[in-house]
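Record features, source TrEMBL:
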- Arg32, Val33, Gly34, Asp35, Thr55, Gly56, Asp57, Gly58: substrate binding site (BINDING)
Amino acid sequence: MEGSVPQNVSYRRKDHSEGLFGSAKNLIFDCRVGDGPIAGSSSYADDEVGACGATGDGDIMMRFLPCYQVVESMRLGMEPKLAAQDAIKRIARKFPDFVGAVFAINKNGLHAGACHGWTFQYSVRSPEMEDVEVFTVFP
């Protein structure tokens, strides 16, 4: 499956940065702007809370701003796993056949992902780690 691939989150002194590479040709309707430029849709970061990246069916996901939702849920005290699951469930209730995933990291470095319609992988590397670790998230 092709989709937007968020490259998210760089921690340096607890600052966040985010980037996005989009190639979702098979998921984009004609005459529309991709979900990448829409804040909160495919990525969102707040240095007081954490960050989130998303991939999948952007035409559906951008209606829900899942990354904004995840970060705001973490601001209210949710752990990244619950915040990610909550955002995905909100979309799945309205669009049960959509395919998508989010991954989140909080300001303490705790991370998690959630997905719907496929098995999703994300990777993490921190200064304490010798190599990148890949995490698999099941629907």
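Quick reminder: no glycine exception, Cβ is built from N, Cα and C everywhere.
On the structure: features taken from TrEMBL.
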| residue | record | Cβ within 10 Å |
| --- | --- | --- |
| Thr55 | substrate binding site | 28 |
| Gly56 | substrate binding site | 27 |
| Asp57 | substrate binding site | 23 |
| Gly58 | substrate binding site | 25 |
